[in-house]
Structure formats: structure tokens, C-alpha cells
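These features come from TrEMBL:
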type	residues	note
BINDING	Gly10, Thr11, Ser12, Met13, Asp14, Gly15, Val16, Asp17	ATP binding site
REGION	274-295	region 'Disordered'
Amino acid sequence: MAKFIGLMSGTSMDGVDAVLCEISEHECTTLGAYSLPYPESLLRALHALCVPSTDEVNTLAIADRWVAEVFAQAALGLLNKYQVSAKTICAIGSHGQTLRHYPNRDIQSAVFKPQDMRGFTCQIGDPSTIAALTNINVVADFRRKDIALGGQGAPLVPAYHAAVFSDPEKYRALVNIGGIANITVLPPCQSTKPPKGFDTGPGNTLMDHWIKRHQNLPYDEHGNWARQGQVHAELLARLLEDKYFALSPPKSTGREYFNPAWLANYLSQFNAPADKRQHPRQQGDANTSPSSIPPQDVQATLLSLTAQTIADDVARELNECGANDEKSDVVICGGGVFNLALMQQLKDRLPAYRVVTSEALGIHPQHVEGAAFAWLAYAYIHDIPGNIPAVTGASAATVLGGLYK
């Protein structure tokens, strides 16, 4: 078995996860992991780059190199922690840091006309810099080939899920709850049906923003603050009416859509004269809101939004597959696993299924995505397609990424 490193920083932007794996054709074993937070000044720049602003090109170019340096430091920290020589690593699979993800051309531009728009995705973290600082070959830029073939460029983890987590006899749903949540529905190993997968909507991103704004905390530990509030039924109903939730797969999204401005636009509809209420799709102020809903009630509502959108999609997809409820597992991974209130809501909303964390499959919930990009590097080296057209909507399965030495 060959050793690979996967480097991942998700939409939560809480730092870089480096995961060391041994991989063969039918096995991917996690040997260890190491996490490294972004420096505060870099994190501020990354948040700023997620929305249109001035001086974007210079900021982007600097952040591209700086993010790569942090990724390289995470890889070297991982090797040092487990006393592994860089010479034994076949390759690093680096996802980079996503700043914008617009695969469907649904973006406004002061330069391009609507008919001239092109779908795109943007990840930074220069792979040449990572390769130079680690002396390890790097496979990176995984998403753009799928978009070039008409796909969403996301989610990409279902191919890894299918290779590693498929059950011989039963359907299995995997749910990753990072900043954005996504699901993969895996048929039994012997089935000829392809896996299904897509982004369900916000995971932790809106809850993290809201508690940072009101409590100056990076996240809602165990969901304790949300538990202090009451779900605001009308707000939840309006959030669930958003156009994204009505889209059919394949679909993907990110914090460029589900962001503070998106939330502020919905909150502005409350406690304001009817003739002054904003349409939820209009541009709003991300930092202010005339809403009189108590902050803890907003947090409780955001938690329920995440739980309901995930649970509804999981139940629908498993039912459409004809999965036997009593035999299907729903496996949760990502940072959302540690929000105990969220986990309890998922169990309450999916009573017919066994809801467990990825620990039940032998991998820590925080290591799954990093391991996925280690596997995608392995797939590139061995000419294995890394996308699933039924998931992303691409016209063909293809090897993803490029090699940087």
C-alpha cells in the first residue's frame, strides 16, 4: 500500500486538515491527522475574498501563496507528528481553499453580459508552492475538469465514499456537515446503480456566523446556545422556501450563496412595515438587520434549517432508491457531528434509520474529507475517474486534477 496525504480546508475556513493514508485498490486506511488553523489576518482576507470587493486581484494572488504555505506547513506538521519521511509519500492531494463556486453562471458582473457568463469554481493554495516547500509531488485542481465537462464540480467525495464505504448488502447514506452539508447515497456493492449525491444547503456556516456576531465565539459548542432558543416557525418556513431547496440534483452551493447577506435579507422581513419589507433575494446588509427575533431563537431556527434540509433529502433519496429502512445506515461526518443538538435533531427526524458517526466505519468524522482528497490523488496517479456523472452532472467520468512537481 502506498502512502498519500490529503489536505483539506472547507467552507467553514477553520483551518487545514492534513490526513495521512495508506491506499490500495480496495482499501484506504487512515494512519493519522494533523490540523493547523489559519493566521487571523489571512482568515480575514479569505472571508473578504468570498464576496465582491476592491483590490481583489492583488489580495487573491497574495492569499494564493499564503494559503499554500499553510497547507505545506500542515503536511510537514503531519509528517513530523508521526515521524514519517517525505520520501515515503507518493503524493499530496490538495483541495485548496474555495473562495467562489458558481458552476451555473448565476452571478452578476459589471463587465460581462449575462449571455457571456461562464460557470466557474475558484480554489486557491498554489500547488507549486506546496510541492516546493514539502519536496512531495502534489495533485490539485480537482474541480475544474468536471465543470469543463458540464458538471457542478461538486460534490467530489462520493467517488471516495463509493470506493471505501459501500456496504455489500444494503444502501448507506453518508452526510458530511461542514460549512455546507452534502449527502451521498451508496447502493450495495453488487448493485449496478450509481451513487447519488449533492449539496443539501447550509451546514454550520450560518450558525457559525450568527454566534460569532452575537457571542464572539467561533462556533456553537454542542449546540448549547441554539438549545436556549425557540424555533421561529415563520422564519423557518420562509428560509425553506428559498429557491435552492427546490432545485433538483445535480446541484451544489457554497458560502457565496448561503452567507450573512442571505440571512440578513430574510431577517429584514420581520418587525418592519409591510411596504418596506425586502424580497428575500434582494441584496441586503450582512451586518445589520431590523429583525426583533431574539438572537438565540435565530440560532435555534438555523439549526433546524440544517437538520430539516438534510433529513428531508436523506429520507427522500433513500425512499426513491427503495432502501429498506431497517437496514440502511445514515453516517454523519464533518464538524457538525460535534453539535450534539444537531445530531439529536437528525436522529429525531430520521427515526427509521440508524444514525451514526463515521467512527462506526473506522474513521474520525474530521478526517473523512482529508482522506477523500488523499484518495483522489491516488485516483489521479492510477488513472481512475474521480467524479461520478450521476452526482455532478458532468457529461463523462474523468480523471480529476493535475500533477505539480
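Each residue's number is its place along the chain shown, starting with 1.
Placed from the backbone N, Cα and C atoms, the Cβ positions cover glycine too.
Same-chain neighbours of the ATP site beyond Gly10, Thr11, Ser12, Met13, Asp14, Gly15, Val16, Asp17, judged by a C-beta within 8 angstroms of the site's C-beta center, are, in sequence order, Met8, Ser9, Gly178, Gly179. Counted within 10 Å of its Cβ, the other Cβ atoms near Val16 (ATP binding site) come to 28, all protein chains included. Least packed by the Cβ count within 10 Å, out of the binding-site residues Asp14, Asp17, is Asp14. Counting only residues at least six positions away in the same chain, the Cβ atoms of Thr98, Gly178, Gly179, Ile180, Gly203, Thr205, Gly254, Arg255 sit under 8 Å from the Cβ of Thr11 (ATP binding site).
Under 8 Å, Cβ to Cβ, and six or more positions away along its own chain, Met13 (ATP binding site) finds Tyr38, Leu43, Leu46, His47, Gln97, Gly179.
Each of the binding-site residues Gly10, Gly15 was scored by the other Cβ atoms within 10 Å of its Cβ; the lowest score goes to Gly15.
Secondary structure at Val16 (ATP binding site), as computed by DSSP, is strand. Around Ser12 (ATP binding site), the same-chain residues at least 6 positions away in sequence with a Cβ under 8 Å from its Cβ are Gly178, Gly179, Gly203, Asn204, Thr205, Asp208, Gly335.
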